[in-house]
Amino acid sequence: MFALFIWSFMAIILGIDPGSRVTGYGIIRQTGRTLEYLGSGAIRTQVEDLPTRLKRIYAGVTEIITQFRPDMFAIEEVFLAKNPNSALKLGQARGTAIVAAVNQNLPVFEYAARLVKQTVTGSGSADKVQVQDMVTRILRLSDKPQADAADALAIAITHAHTIQHSLQVATSAKSTENHEKTTALLRTRYSRGRFRLKI
């Protein structure tokens, strides 16, 4: 029964690569072990004042959620930047995107950039071109997505792989005394908002 559940599991995942001027987004559908590309692009905020940029990011993310109705929201974690001002603006853009997701009752998951690269390319130090190439292969795309969109899709793919791993752990734990704890953890992690995980 657990193996059947893994194969029938389905969710739409929205990945976000935050930026104060360009915020990439990517949407995939996970059905069991299969990933399907639904859409991607970038929210561009070519204005000077930060408050207006944040407003546009919020509106853009909200519009994407309304259009694609994802079950989960995955976003890149803040990383240390050499320029403190740039890091601050990135953090504000990231926070704005998260608020947009939370206001739509989406569960939010965060991933370090190095983990995303490692998951998609096999190397935590991969460059943007390598990420683009692997995202194109994994999702069987005819054309490479733009860099920011590819990064967002990579984040969504990383979350899909995390779900798959969690379900495999639950499967192996079924016949053990840890099964109840494992399934409770999965419900806690994946059963917020509109999405429901049935085990």
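Backbone N, Cα and C atoms are what each Cβ position is placed from, and that goes for glycine too.
Record features, source Swiss-Prot:
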- ASP17: active site (ACT_SITE)
- ASP17, ASP148: Mg(2+) 1 binding site (BINDING)
- GLU76: active site (ACT_SITE)
- GLU76: Mg(2+) 2 binding site (BINDING)
- ASP148: active site (ACT_SITE)
Just the number: how many Å between the Cα atoms of GLU76 (active site) and ASP17 (active site)?
6
Neighbour count (Cβ, 10 Å) for ASP148 (Mg(2+) 1 binding site):
24
Sequence gap of 6 or more, C-beta under 8 Å: which same-chain residues meet both conditions with respect to ASP17 (active site)?
THR23, GLY24, TYR25, GLY26, ILE75, GLU76, ASP148, ALA149, ASP151, ALA152, ILE155
Give the number of CB atoms, excluding that of GLU76 (active site) itself, located within 10 Å of its CB.
25
According to DSSP, folded down to helix, strand and coil, what is ASP17 (active site)?
strand
